[in-house]
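**Student:** The structure under discussion is supplied below as C-alpha cells; questions concerning it will follow.
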Amino acid sequence: MSVKFLLGRAGSGKTSYIIDSITEQLKAAPDGDPIIFLVPEQATFQMEQAILRRSDISGFSRLHILSFQRLSQKVLEEQGGIAKADLSDTGKEMIIKNILLQRKDDLEILEKVAVKSGFSEKLSRLISEARMYEITPEMLEQISQELDLIHLKQKLQEISQVFTDYETFLQHQGYHHQEDRLSKAGQKMEGNNISFLAGSTCYIDGFSGFTPQELKLLEGLLTKCSNIELALTLPPQFTGKIDDELHLFHPTLKTYNQVWELAVNNDIEIKKSKHFPNENEEHRSASSLPRFKDNPALAHLEKEWGKNKINPYDSEPTGLSIVEGTNLRNEIDKIAREIKLLVRDHGMRYKDIAVIVRELESYEPVIKAVFNDYKIPHFLDRKEPVHHHPLVEFLRSSVETVISNWDYEPLFRMLKTGLLPISSEEIFQVENYVLAHGISGKDWKKQGKWNFIANFDLERENIAPSNRNKQYLSEINSIKGKVRDTLLEFDSKLRGINKSESLSAQFKNQEAEEDNLLSVREISTYLWELIEQLQIEYQLEEWSLEAEERKDFVEMQLHNQLWDTVIDLLDQMVTFLGEQKVTLSEYLQIIESGLANIKLGLLPATLDQVLVGTADRSRYHEIKVLFMAGVSDGLYPAKIDDDGIIDDRERITLRQHDVEFAPTTEQKLYQEQYLIYNVLTQPSQKLYLSYPAADSEGRTMSPSTIISDIQEMFPELFQEYQNDGPENDEDFRQYIIDGKKAVSNLIKLINKVGHPEKLAEDKQQLLAYLINEHPDLFYSTPEIKALDYKKSLSPLTQEVIDKLYPNKIATSVSGLESFCQCPFRHFAEQNLRLKEREYFRLEPASLGLFYHAGLKLFWDKLQENNLTWHKLKTEEREALVSEIVEVLSERLKNRILLASERYKYFKKKLHELLSRAVEVLSWYSDDKGFYPVGSEIGFGKDEPLSTLELELPSFPNKKVQLKGRIDRIDTGKKDGDLYLRVIDYKGKSKNLELRDLYYGLDLQLAAYMTVAMRNSDKLTGDQMFPGGMLYFGVENPVVPTDKPVSPAQARDKLKSTLKMRGYLIDDEEVLDLMTREDENSQDLLPYKLRTSSPGFYKNSKVLSEQEFLAVLNYTESKLVELAERVLSGEIAPYPYKDGGYSACTYCPYLAVCQFDLNYKEHKFWNVPAKGDYLSLILEEMEEVKE
C-alpha cells in the first residue's frame, strides 16, 4: 500500500499525466487489475470523454471513473447496506417540514420562522452539513449545556430536538441519509475485502479539499488500493510552509496535510512526490507549464497570481482581453461575436470554449437569448429548477384551490397550467366573466347556471337578456360545467364530504377544513386519482415530442424527467408520512417543501457546444478559450452572506468546543481566492474577462479587483469598451458574423451617425456591396424593413368604410366627441370595440349608472304617486331615496354594494350622495316656474324622442343618426311662451365652455337641446324656446369655512358650490322662474345681475335667443363635420392637448396606438387657451346663411 502526491500549479500537466498513465495501462493490459479514477461528480463525464478521445482507446472494462458517491455505492452494493434506498433531498425536506409543523408549539427561538417558506430547506442543509461533519444531535445537546450564551443555547437545543426527531423517524422507517452513505462505505471498508479494489491503482484528481466523510472513505482507499496517486494544485515548495489561511494555496495545502496524516496513521508508504513540471519551481521559464506552452502571457498570469509583489509583463499580451460592456446584454453580445469568429476564422470547436459566470441567475436569460440569436449551441451546467413547470404548479394549486374554497387566484393558476381539458380561449373567456362579476367559490360549486350580465339599465327590473347575451351565457356555463365536473369530486374527497349529502350540508362542511384531518396517504391518493383522470402523463409526453420536434432538448428532458420525479415525490410522501393525519394546509406546506427542492440534472444535447457554467461548480478539461463574464465587484470575490441558521460567530464558538461545521463565511472568502485562480488558469490559449458598466436595471456596477490586478500585471494590455453596436472608426470585420448581422450592425451605425453618407469609407463600401450583390438578403432583414415602417395609420379603404357604415353612421354625440378628442380612440372604441378588462369593483362608470338610475327612479316614484318635487317633505324624500337605494343595490354589478363591509360603507355614501342630489334638484323645481317634463328620456330608434338625423353634404347617400338619453328636461312659461331647460348629470361639477363646443370637444348639451326642441310636439305639443342648457354635478361636497357658520350661511355656501353650470337665456324673468327660492335665482345659476345698472356682469353665462340658436346650429354643423371625417376613414392617432391635459392622459388605448412624439407622424392638435368663441360661432353661422 502506498500513496504518491502529484504536486504542481494549475496547468502543470497533472491531469494529462494521469490520463496518459491510465491509457498506457489500458493498452498494455486491457484485462489487468482494476484502475480507479476518482474525480468530482460533475467531472466524471468529461474524464470519460477525455480517455475515449485517445485514438487507440475505444472502450475499457478495468477502469472505473467514479465520484465519491458512486464509489460508496459500489462498496455498499458489494458489502451490503443498501437494502433500503437512501433518503433523497426532497424526502428529507418534506420530513423536516412535517416535524417543524408538529413541533411548532414547542419551539421558541425557531417558532417565528419554522412555518416560513424556505426555512425547512435551510434546516435540511444544516442537518446534512452536520452529518457530513459527523456531528450528532447528542453533541449539540451536550454543548448547549456547556454554553452561557442563552440564545445559542436554546437554538442548539431546538435544533437538536428536530434533529433527534428526524433521526428517530428514519430509524423506524429503515432509511438512512444520503450523507451517511460515504461514512457507511468507509466503515464497510474497515476489515473487509473489497474485490474491485484488490490490487487496484487509484488516481484522484480535481479536488481542493475533502469533507470528514470523504476523508473517511479516502482512508479506506489507502488501506485497500495497492497504489494511490493524488493530484493537488499545490506548488511543491509550499508543502513545508506554515499553515496560513490567507495564502492562495492554503485549501490544497490543508488537504495535503490531512491525507499525509491519514497515511502516517495507517502505516501507508508515502512515496516521493512527483512534481510538475519536472524542474525547480523557482527557476522555471514563463512558458514551461504544458497548458500555457503556446501563450507566455497566460503562463505569466498563472505564475504571478496571488503574489504580494507582482512582476509586470514587459510587452503587450496576446490571448488576453478585458472588455467593459455598457450593460449586461452588450457584454454577452460581444462574447457571442467573439465565439462565432473563433469558430469561423480560427478553427475552434464550440466544445473548446467555455463561459464562466459567478452566478447564473442574472446572466442565464441574457445568455440564452443572445446565444440563440447567434445560433451558438450551448449547455448550461446546472441543476434545472422546476418550480415554474405546469405539473409542479398543478400540484400546488389543486390542493390550494380546495383549501381556499375555489378562490380565484389558485383556481386560475391551476386552469392555466394547460393540464385540464379546457382551452386557453375558454380560460380567458371565463376569467373575464369571473373577474367582472365577482364569482366566488360557492358560485362554482352550485349546480345552477350563472346568469349575471352587465346591466346598464338599472331602472328596469328583470330585463330579458339579448340573444347575444344568451349565447355568451351559454358558453360561460359550458366552461363552468367542465371545471366543476373535473374538480368537484376531488374537492369533496379532500373535504371528506359524502356525495349523497345535500348541497347545503356540503357548504356547511366546507368551513371545517382545519378540523377535517386526513392521512397523507389519503390526500396523495386523491391527488393521484385526479392526475390519472386528467391523463397528465400523456400530456407531458405530447409536450416532450413537440419540444423534440423544435429541437428544444432541454424542455424535452424536463417533461420526461419531471413525471418520474413527481411520482417518486408522492411515493416518498406516502412511504414516510403515509398514516400521518394532517390538515390540507399542512399537506400543502409539506408538498411545497418537496417541490421546491426538485432540481433536474440535464444532459448535453450534443458534444460540440459551448459550456456555460459557474465558477464554483463547473469543471473543465482541455479548454482552449475561456470567457469569464461578470467580473464585477460583489461577484468576484463573491459576497458570501451569513444567513444560515447558525451564523459565523456561533460557528466559531462551537469550534472552540471541538464541534466544527463547514467553513465560516470568512474562511469561504479566503477560499474564494483559490477559486478565482483556478478559473483564470483554465484556458490554454485565450482568456477573455468582461464586466458590465450597469446591471439590467441600469444601476452602475464597478469592476472587480481582478480587473485592476490584471491591468497592473499587464500594463500594456488594452481595455476594450463595448457600446450598443459598432462605432464609425471601429474595425467592422468583427461585426460581420453573417449577412444578416452585418446589415443589422450597419443600420445601427447609420442610426448613430445620422446618414449613410456619414459612414466611414469601408462601411460605405460594405453597404454598397450588400445592396448591389445581395439585395434579397439586404432588404429582407428586419432592420431594413423597419426603415419603411411609418408609425401612422393609413385611412380606412372605401370598401371597409362601406362595410362599417353602409347607409348611415349610427352613433352618439359622445361617440363623435371621442373622435374629435382622437380619431384612433373612436376607431378603437366604436369599430374595434376594444374594452379594458372589467373587474368586480366600483368604478366611475358604475357610479354614473347608479346616480342616473337613482334620479330616474325618484322621478318615476313622484309620477306614480302624483307628487311634486318641491313640495315633498324631508322625511318623504328620504323614504323614497332609501327605497331606491335598496332597489339599486340589488341590481348594480351583481349586488356589489352588499358584497362586503367596505362596499356597504360605499352604499351608505351613495345614499347620502343621492339624497343631496334630490334635495338640490328640488331647489330648481317649481310648478309655477320650471318643472320637469321627463327624466332619462331616450332619443333614437324605439325611443320616446326621434333620432337626431343630419344630412352629410360630402356624402349625399349617407346620413348620421344620433341616439342618446337626456337626463332631464324642464319647461317653464313666461307670457304664454314655453321655455326649455336641458340638464345633464355629471359625477362632478363641470363647466360648458364655448371654446370646447367650438372645437367639437363638448357638444352634448347643445345637441340635447336641439333634440328636445325638434321633438317639442312629443314633449309638450307646443313650440319651445331655448331657456338653458346646464350641467349638474352630482356630489356631496365638504365646504370649508374659516369660522363657525349658521345653518342659513352653510346653505348659502352649499348653493354656490352646487350651482348648475352652462348657458342660460338672457331674460331676467325667465331666469327668476328657474328656481323656487324666494331670493334671486342667481345664487344657483351661472349669472350675476348688475346692481347699479340693468344687465348682466361680463362673466355671466347668458345668451340671447339669436345667439342660442346660432350655437345650436353651429353644433349641428360640427356634428356633420365630425361624421364626415369618420366617413373619410380617418383613424390615425391625433389627440387634442389643452395645457397640461391631453386625450392621452387617461386613455386606455395608449398601448395599442403607440402614440410617440419622437415620430414626426405623431403630434397633438392644441386647443387655444383664449378667444372670443361666441363671435367666431356667430360669424361662421352668418357665412353659412350667405
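Note that Cβ sites are derived from N, Cα and C of the backbone, with glycine treated the same way.
So Swiss-Prot lists these for the protein:
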DOMAIN    1-308  domain 'UvrD-like helicase ATP-binding'
BINDING   Gly8, Arg9, Ala10, Gly11, Ser12, Gly13, Lys14, Thr15  ATP binding site
DOMAIN    288-620  domain 'UvrD-like helicase C-terminal'
BINDING   Cys822, Cys1144, Cys1147, Cys1153  [4Fe-4S] cluster binding site
**Student:** Over the domain 'UvrD-like helicase C-terminal' (288-620), what is the model's mean pLDDT?
**Tutor:** 86
**Student:** Once the DSSP letters are reduced so that anything not helix or strand counts as coil, what is Ser12 (ATP binding site)?
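**Tutor:** SS state of Ser12 (ATP binding site) = coil.
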**Student:** Give me the sequence-ordered set of same-chain residues, not including Cys822, Cys1144, Cys1147, Cys1153, with a C-beta within 8 angstroms of the centroid of the [4Fe-4S] cluster site's C-beta atoms.
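**Tutor:** For the [4Fe-4S] cluster site, the extra neighbours are Phe824, Arg825, Pro1133, Pro1135, Ser1142, Ala1143, Tyr1149, Leu1150, Phe1155.
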**Student:** Taking the mean position of the Cβ atoms of Gly8, Arg9, Ala10, Gly11, Ser12, Gly13, Lys14, Thr15 as the ATP site, which residues outside that list, in the same chain, have a Cβ no more than 8 Å away, listed in sequence order?
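**Tutor:** Once Gly8, Arg9, Ala10, Gly11, Ser12, Gly13, Lys14, Thr15 are set aside, the remaining close residues are Thr233, Phe276, Leu289, Pro290, Arg291.
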**Student:** Going by C-alpha distance, which of the binding-site residues Gly8, Arg9, Ala10 is nearest to Cys1153 ([4Fe-4S] cluster binding site)?
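**Tutor:** Spatially nearest to Cys1153 ([4Fe-4S] cluster binding site) by Cα position is Ala10.
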**Student:** Give me the long-range Cβ neighbours of Cys1144 ([4Fe-4S] cluster binding site): same chain, 6+ apart, Cβ under 8 Å, in sequence order.
**Tutor:** Cys822, Pro1135, Leu1150, Phe1155
**Student:** So which of the binding-site residues is most packed in, judged by how many other Cβ atoms lie within 10 Å of its Cβ, out of Ala10, Cys822, Cys1147, Cys1153?
**Tutor:** Cys822
**Student:** State the count of C-beta atoms found within 10 angstroms of the C-beta of Lys14 (ATP binding site), not counting that atom itself.
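**Tutor:** Around the Cβ of Lys14 (ATP binding site), 26 other Cβ atoms lie within 10 Å.
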**Student:** About how far apart, in whole Å, are the alpha carbons (Cα) of Gly11 (ATP binding site) and Cys1147 ([4Fe-4S] cluster binding site)?
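**Tutor:** Spelling it out, the Cα of Gly11 (ATP binding site) and the Cα of Cys1147 ([4Fe-4S] cluster binding site) are 65 Å apart.
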**Student:** Can you give me the Cα-Cα distance between Gly8 (ATP binding site) and Cys1147 ([4Fe-4S] cluster binding site) in Å, rounded to a whole number?
**Tutor:** 70
**Student:** When the number of other CB atoms within 10 A of each residue's CB is tallied over all shown chains, which of the binding-site residues Ser12, Thr15 has the maximum?
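**Tutor:** The residue with the most neighbouring Cβ atoms within 10 Å is Ser12.
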**Student:** Here the binding-site residues are Gly8, Arg9, Gly13; which one has the lowest number of other Cβ atoms no more than 10 Å from its Cβ?
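**Tutor:** The binding-site residues Gly8, Arg9, Gly13 were compared, and Gly13 has the fewest Cβ atoms within 10 Å.
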**Student:** When DSSP is mapped onto helix/strand/coil, what comes out for Cys1144 ([4Fe-4S] cluster binding site)?
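**Tutor:** DSSP call for Cys1144 ([4Fe-4S] cluster binding site): coil, neither helix nor strand.
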**Student:** Whole-number answer please: how many Å between the C-alpha atoms of Arg9 (ATP binding site) and Cys1147 ([4Fe-4S] cluster binding site)?
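**Tutor:** That comes out at 67 Å between the alpha carbons.
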**Student:** Quick one: Cα separation, Cys1147 ([4Fe-4S] cluster binding site) versus Ser12 (ATP binding site), in Å?
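**Tutor:** Distance between the two Cα atoms comes out at 68 Å.
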